[in-house]
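*Asks:* This is the structure I want to talk about, given as structure tokens.
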Amino acid sequence: MIRTEELLLNVGPQHPSTHGVFRIIVKLDGEVITEATPVMGYLHRGTEKLAEDLNYTQIIPYTDRMDYVSAMTTNYVLCHGVEKMMGLEVPERAEFMRLIVMELQRIASHLVWWGTYLLDIGAMSPFLFAFRDREIIINLFNELCGARLTYNYMRVGGVKWDAPVGWIDKVREFIPYMESKLDEYHRLVSGNEIFLARIRGVGAYDAQTAIDYGLSGANLRSTGVDWDLRKAKPYSIYNRFEFDVPLGKNGDCYDRYLIRLEEIRQSLRILKQAVEQFPSSGDVMGKVPRVIRPPAGELYVGIESPRGEIGVHIVSKGKAEPYRLKFRRPSFVNLQILPKLLVGETMTNLITILGGIDIVVGEVDC
Amino acid sequence: MGSWLDETLTWGNALLFFLWGVILLAIVLGFVTYAIFFERKVIGWMQFRIGPNRVGPWGLLQSVADIAKLLMKEDTIPRKADRALFILAPALAYVPAFAVLAVIPYTQKLYFADINVGLLYYVALSGISTIAIVLGGWSSNNKYALLGGMRSAAQMISYEVPLVISVVGVIMMSGSLNLRTIADQQGDWFWQWNFLPQIIGFVVFVIAAVSELNRTPFDLPEAESELVAGYHVEYSGFRFAFFMLTEYVYVYAIAALTTVLFLGGWHAPFPFLDWVPGIIWFLLKFSFIVFFLFWIRATLPRIRIDQLMGLGWKVLLPVAILNVFLTAVYLELFVK
């Protein structure tokens, strides 16, 4: 008696391509997915609850561990929220330092994505090329604040450390190097027939769907929606610099790929202008009260992290600790569309689509 | 050497056969050990790494250490696996891989068996390894392994056919299935070797051969980013080593076969270089093919299973058949 049945396959939490401890339960008909259920929470550490017992400076190291691939932007969103609530002035030099490290971080984060995405697709070498170039950025950060991954660099009212002598010159040298490497990456990968066949038209959705699901970052812009918080709601000193927001058309993995690589180029453009205008002297820490007590009230600020809109909602009762702290994590929100995208795709495309969304599990689970 | 096969079988002869078999096995094991080392070094250099350099001088003993580790590992068999088939599969994969080497001629005089249907023998035997892979995937009682095994079966059916048809052109030109005759009949100048007159067949053969080897970009049965490790996910220790050994012995076999069929075997590229022994030329061509296989592994991403099927049936097979037709027309018009 021959009968067929669906295969219930448990992808993760220990699987090489789920980028951490993420799990998807898929029902397979042959190799075609009929149902996909993401399961998350394996990395949940209760950051938001823990924050209620900590003062604002103590929360900053916790934000490092949320989006650990892009810790600088997560640092920034909390400091920025608190500064806005208290109406603090941030010195010019500190703003430049923040902007430079955030853009370097965006490049580093996209490089990690690029390398691991191609590893998912089966190309091994780009991963090592990407990490070789990321290493330069990591070393720059190391020189700046002594850490390579979880920087704990920003503070409410400024940054902890000033740039060491010669640091800005190193950033300046990095820009042309990275530009040439970016061209090399395009030559190596972007035109590869197998690569194009693998990702073109895969995981496509339209602009309305993307907005309905609350997507942000490259996932939203790949559908052609011009929404980059650096332009749409300028924060820090982004309005002083010229840069473009790369947009896609088809909303597929290929557009997301091109957007992320183009964002590296635009970040380099911002960096080039920033190192030219970098103030030669000045404080990196503003005048901040010894105990940070934002006035009672609520506030939400969002900024553009490499993965999309990362936001913080602070509820303060006028104490040194927040009454309630809520992070809007782009990886978590972007992941919502996954079950919808996966139905009808093959097992291979599951990896391609999941990789294309660009999640960091530390941020998904928070 | 081949003439011994015609003699009556005595104890002395049987001992000789056995000895030659052991020698070939030693050569093959040596090749596999250093092919793995070479692969890691080559890919390391392509990726701006150093590669293994700790064990022994220049890391030369790295693979030896790896194999020793695998042999000493605990032998684990999953409780719900089909025990008999699970144990059988790695051996079943390896035996045909080694057996196909019997028909490869290295030089005019150095060969093990001179079979008139040598090519057919190769193709027929190498298909058996796929059964072993399906068996390993099935008996592991693991869903990833099962998917890997099934992919392997699908892949073999789609690629064995163009592989065989792509060499039909070569067979027509030499009029023989005997590998020694095929190698011998290729001309003295390198443009007279089969790879230029049979360029279509050669390209199809190389693509189908890489697919036969389950190597990047066709390494779907063990696609580690999707299926973790595919069909051998539950294997460890020396059983796993046997699957790996099979893979590298097939690299040896395919590289040797390509050399014999398309690259003129032991012939020198120019007649005035004939004073160099044939075995040197054979080894050079052979090494280049092996290097080529490692090279594409460092360069290309993996193809998707449905695209693989499409490529096999819709592109390679028609092109291979077209090649047979063109060869027939050429032979009819110009040679006859």
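Any Cβ shown, glycine's included, is placed from N, Cα and C.
What TrEMBL says about a protein is an automatic prediction, not a curated fact.
Sharing the feature lines straight out of TrEMBL:
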{"type": "TRANSMEM", "residues": "B:15-37", "note": "transmembrane segment"}
{"type": "TRANSMEM", "residues": "B:85-107", "note": "transmembrane segment"}
{"type": "TRANSMEM", "residues": "B:119-138", "note": "transmembrane segment"}
{"type": "TRANSMEM", "residues": "B:159-177", "note": "transmembrane segment"}
{"type": "TRANSMEM", "residues": "B:189-210", "note": "transmembrane segment"}
{"type": "TRANSMEM", "residues": "B:249-269", "note": "transmembrane segment"}
{"type": "TRANSMEM", "residues": "B:275-296", "note": "transmembrane segment"}
{"type": "TRANSMEM", "residues": "B:308-331", "note": "transmembrane segment"}
*Asks:* Can we call the transmembrane segment (B:275-296) and the transmembrane segment (B:119-138) in contact, meaning three or more C-beta pairs below 8 angstroms at a sequence separation of 6+?
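*Replies:* They do not touch: fewer than three Cβ pairs between the two stretches lie under 8 Å.
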*Asks:* Considering only Cβ pairs within less than 8 angstroms, which of the stretches B:85-107, B:119-138, B:249-269, B:308-331 has the most against the transmembrane segment (B:159-177)?
*Replies:* B:308-331
*Asks:* Counting only pairs at least 6 apart in sequence, do the transmembrane segment (B:189-210) and the transmembrane segment (B:308-331) share 3+ Cβ pairs under 8 Å?
*Replies:* yes
